[in-house]
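These notes are about the structure you will find just below.
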Amino acid sequence: MAREKFERNKPHVNIGTIGHVDHGKTTLTAAITNVLAKKGQAQAQDYGDIDGAPEERERGITINTAHVEYETEGRHYAHVDCPGHADYVKNMITGAAQMDGAILVCAATDGPMAQTKEHILLAKQVGVPALVVALNKCDMVDDEEIIELVEMEIRELLDSYDFPGDDIPIVQVSGLKALEGDSTWESKIEELMTAVDASIPEPEREVDKPFLMAVEDVFSITGRGTVATGRIERGKVKVGEEVEIVGIRDTRLTTVTGVEMFRKLLDEGMAGDNVGLLLRGVQKEDIERGMVLVKKGSITPHTQFEGEVYVLKKEEGGRHTPFFAGYRPQFYIRTTDVTGQITAFTSDDGSNVEMVMPGDRIKMTGELICPVAIEQGMRFAIREGGRTIGAGVVSKILK
């Protein structure tokens, strides 16, 4: 079947839903597609479509990151429904890195919970520039005062993580009622999308820089070859162009023989697009999540770097005890988790310290066990045992 071409007639924005488990992120995502489908701006999806594979739904917990697409009057959106359960924060770190903005879903019945806070912190760490709040399950709260209190609490929380709490729109919604077709609540979904259009700035695309795409997933398509999927971070890539596969193993050259977005063919993919790239002569085993596809000669992988790091306090979900030089955590870089070592550190003012306490800001030297495409100015998270314990930025490449 010939695939239809993707029409690029509206600005494209990547957003997603974040927030505490069971606050209604997936239901709200489904409601958005259903409300917009009535205007011909989306394909309606139900909860099951978005929640994905059966074993995840049996536990009632979303594990994988689901992608849906829809349009508003002025924009085309790719929307990721991020995992909410604490165990899957790892997925969120890799998923949230793709967001130009996020809808923070918070249930009016509960108010902000542990993961609400963790997701706001993560949004800050991975550089999500703007948030809009969907105060969900408002059909279940009769008392206007309770809603006002929850709104105040959310605004204070946003402020504490350096988001502009007073300015961020909070829209009262009910994903479930909107899904059931209740017109009052459907109009609140439209109000939410108007707020998203207005408050999430159109991203500045880095189209003119050399092409780079971090690999998120790899598929083998019988008779066609290997497809790598991911979000193009910068630059553009045309069919027929040579690209390099960099990181984890030896760099190798391949040719892009096809570019697809949402099952439609493109002549070229541009910064911000979530695409699948068909690669010539590459086996599925040759490429894995965490590698990057780049313009030939534009980037080399590295193992040693200096970074500026904030180590989370115990109250923020970080470590309870100090760590010392030689500490071996996981470094989350783009879509990769790489084991590494913090070989040396000083206090952020350059003075010597024996150990790093939760809440400290440090300058550190890190060494990774395998080479990865790290660059100056890039953000990373430091994790251990399934939780974020630090957030940093690469200040200098050493080797």
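Placement of Cβ uses the backbone N, Cα and C atoms for every residue, glycine included.
Swiss-Prot has this to say about the protein:
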- 10-204: domain 'tr-type G' (DOMAIN)
- 19-26, 81-85, 136-139: GTP binding site (BINDING)
- 19-26: region 'G1' (REGION)
- Thr26: Mg(2+) binding site (BINDING)
- 60-64: region 'G2' (REGION)
- 81-84: region 'G3' (REGION)
- 136-139: region 'G4' (REGION)
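In this view, Asp22 (GTP binding site) is surrounded by 17 other Cβ atoms within 10 Å of its Cβ, with every protein chain counted. Between the C-alpha atoms of Cys138 (GTP binding site) and the residue listed as 'Mg(2+) binding site', the distance comes to 16 Å. Secondary structure at Lys25 (GTP binding site), as computed by DSSP, is helix.
Gly19 (GTP binding site) sits 10 Å from Thr26 (Mg(2+) binding site), taking the C-alpha atoms as the reference points.
The Cβ neighbour count for Gly19 (GTP binding site), using a 10 Å radius over every protein chain in view, is 27. The number of other Cβ atoms within 10 Å of the Cβ belonging to Thr26 (Mg(2+) binding site), over all protein chains shown, comes to 28.
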